[in-house]
Amino acid sequence: MEASLGIQMDEPMAFSPQRDRFQAEGSLKKNEQNFKLAGVKKDIEKLYEAVPQLSNVFKIEDKIGEGTFSSVYLATAQLQVGPEEKIALKHLIPTSHPIRIAAELQCLTVAGGQDNVMGVKYCFRKNDHVVIAMPYLEHESFLDILNSLSFQEVREYMLNLFKALKRIHQFGIVHRDVKPSNFLYNRRLKKYALVDFGLAQGTHDTKIELLKFVQSEAQQERCSQNKSHIITGNKIPLSGPVPKELDQQSTTKASVKRPYTNAQIQIKQGKDGKEGSVGLSVQRSVFGERNFNIHSSISHESPAVKLMKQSKTVDVLSRKLATKKKAISTKVMNSAVMRKTASSCPASLTCDCYATDKVCSICLSRRQQVAPRAGTPGFRAPEVLTKCPNQTTAIDMWSAGVIFLSLLSGRYPFYKASDDLTALAQIMTIRGSRETIQAAKTFGKSILCSKEVPAQDLRKLCERLRGMDSSTPKLTSDIQGHASHQPAISEKTDHKASCLVQTPPGQYSGNSFKKGDSNSCEHCFDEYNTNLEGWNEVPDEAYDLLDKLLDLNPASRITAEEALLHPFFKDMSL
């Protein structure tokens, strides 16, 4: 019997399913790694073939990044004298517009090379393949270091980010894609670099000449595409009688004409459903920008927040009515009114559906409003989400605020949404629904929310998410970086009553602290005290700056130059 028991004990050790599973997983990971290396090697060979002159200058070692519009490789410059120099090679996709490529290069050459803005060393081209050579900055992953940064390191990080933003904003450059992966950080050397100007736009007074040209080309292209669909009021006298057909149709529709704001006049919906502009300074300089709102037009969109959106024409009758009404309305609006900003939103003479949860056939027949929407989900400002046509450098400051929010809360990504309406609802859970609605009115947008959501106290929110109360630090798995994978807004947000999902301390599995584990606890206490020094005494100035960065009104949002002078950075050298 003892021998029998011995066999039963040995069998699980010799043929352990758990061990077999670990071996299988290890083998699978090894195969995936080999497959990845083979793919990288193939990509490097293709790059050498596409741009042969690279082989004379660089030895490409690895592929270190890949995005929608480019791939980045690590290379060593083969210099005849001096030490080897590491170079980052950015290979732009062949379908990139030549003007866009030239504009990105001009941003790097004019504004880059100082104040934490990446510069450029060389540029190579062969046919439609362009490679930009930039200094290589070895950097850490934001996610890996997020929960080990000391409070002083966070101050230094934000200070250097604002230096970079001040630099590019002085040249009239709107980066449009400010996020941790585009702000490289070498923790050991304390070096920083703002990179990737592929989506950059120019302000109205930009000093980057090619950004002006990009805007002009983009606007002319949209105007030419919609020229055949535009009906002006020049041939219809203002005091003339209303056409009989229009008069008869208007009696069948119980709708009152709504005066057009600047945004409503300029943006229409074409017959083919494409976005277009009637013409007048609608900025959209990004070629090939991705549409991050592909889910927003689906019928199961969130009922919590409803924008006054424009959709395709639903029937021929409403299209005729809208077309003839536009012919008269366009004549009424003179050039002075056309130049008004989107903040002038008339309160009178609106149609029946205005500021309600319904959209009338007249509004459905209008062309969709065109506005710049390029950027990364989770970092886009409210004015971008609501398609405000007049966007400024303030959108970069909002993105910086989201980064600061992640640093203070220990959560990344903080916002995670599949479409614009969900993203707006998540912003409301932090900043408040009433505040969001009021701010939207300042740039001519009407937002409806089914339930009022109060604004959160930023200090309480960040301390709760980091696992600390206002007085004593509490140890949670956030310290080991486990909670950084959880967005502050859950993916399962209830859109009928959007709310913040919080995880109480001690409910994480895996690496959570346990009372009986004295060795690991002692080690983590030491690491906690070393790396998280200062987190139990976060000053009010930090949350005041965060509040100003996340100002829902872009007109009053703090600028990079003002942020550098904020008391949060006192006693720090600029």
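Cβ atoms are placed via backbone N, Cα and C, with glycine included.
Lifted from Swiss-Prot, the feature list:
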{"type": "MOD_RES", "residues": "Ser27", "note": "phosphoserine"}
{"type": "DOMAIN", "residues": "58-574", "note": "domain 'Protein kinase'"}
{"type": "BINDING", "residues": "Ile64, Gly65, Glu66, Gly67, Thr68, Phe69, Ser70, Ser71, Val72, Lys90", "note": "ATP binding site"}
{"type": "CROSSLNK", "residues": "Lys268", "note": "SUMO2 cross-link"}
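Spatially close to Ser70 (ATP binding site) yet at least six residues away along the chain are Lys90, His91, Leu92, Ile93, Ser96, Gly198, judged by Cβ distances under 8 angstroms. Note on the domain 'Protein kinase' (58-574): its mean pLDDT in the predicted model is 74. DSSP assigns Val72 (ATP binding site) to a strand in the three-state reduction.
Once the Cα atoms of Ile64, Gly65, Glu66, Gly67, Thr68, Phe69, Ser70, Ser71, Val72, Lys90, the listed binders of ATP, are compared pairwise, the greatest separation found is 15 Å. Applying an 8 A CB threshold to same-chain residues 6+ apart, the list for Glu66 (ATP binding site) reads Val72. Taking a C-beta cut-off of under 8 Å and a sequence gap of six or more, Ile64 (ATP binding site) has these contacts in its own chain: Val72, Tyr73, Leu74, Ala88. Within 10 Å of the C-beta of Thr68 (ATP binding site) we count 10 further C-beta atoms, all protein chains included.
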